[in-house]
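Engineer: Here it is: the structure, laid out below.
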């Protein structure tokens, strides 16, 4: 059984720690110090880093962690080749923490953004998918991002979704503006407000929940997705 913990970093990042026994791996370390604190507090051994894409708020802690843990195994796509020692691509399967981990093409936010799906149960998706939202399409390749979302829609509804940012309340506000008759969104807003008031993460979400509240997953075609994404960019 994997234990998954959110390590807050920067303003709104989550570094996800995936633990089995005393061994732990992390996803997208924005900073090193919060990870060091987590490891010391829980007496854990860091062995592996997974990187979804090259943006600084996802790789900023790598050098500091490597300085202390020089034998780290670091996985990522070609766009982060300078930071990793194992390059992976969509369709690859890794065996980590006694689990099958599938590498999923999640392009759009960046050209070679990837996600990691553990045991068909846990999706670590970086900035490709947020609760009630998705990442900005910095590449300009809206087709790629739309295709990424279609892939996520095919995952089991019970799949837990672990994005890299706490954007849920802002995203739900936008979602409510474009889907004003969606009761699921209003209920999600109330839950998220309660959690944030208690300084708790709103994440993980599930694919089932995202299909109900995420306007980008409800876009029926590319043109509709582009319209929504451009509206959100200006929101």
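Just so you know, glycine gets a Cβ as well, placed from its N, Cα and C.
OK, Swiss-Prot features for this one:
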type	residues	note
BINDING	53, 55, 109, 127	Zn(2+) 1 binding site
BINDING	57, 58, 127, 165	Zn(2+) 2 binding site
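Describe each of these features in terms of where it is and what it packs against.
Structural biologist: Secondary structure from DSSP puts residue 127 (Zn(2+) 1 binding site) in coil. Residue 127 (Zn(2+) 1 binding site) has a Cβ environment of 26 other Cβ atoms inside 10 Å.
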Engineer: Would you mind listing, in sequence order, the residues at least six apart from residue 58 (Zn(2+) 2 binding site) in the same chain with a Cβ closer than 8 Å to its Cβ?
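Structural biologist: Counting only residues 6 or more apart in sequence, the Cβ neighbours of residue 58 (Zn(2+) 2 binding site) under 8 Å are 13, 28, 29, 30, 51, 52, 126, 127, 164.
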Engineer: Minimum Cβ neighbour count within 10 Å among the binding-site residues 55, 109: which residue?
Structural biologist: 55
Engineer: Only counting partners 6 or more residues apart, tell me which same-chain residues put their Cβ under 8 Å from the Cβ of residue 165 (Zn(2+) 2 binding site).
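Structural biologist: 12, 13, 14, 127, 130 - these are the non-local Cβ neighbours of residue 165 (Zn(2+) 2 binding site), listed in sequence order.
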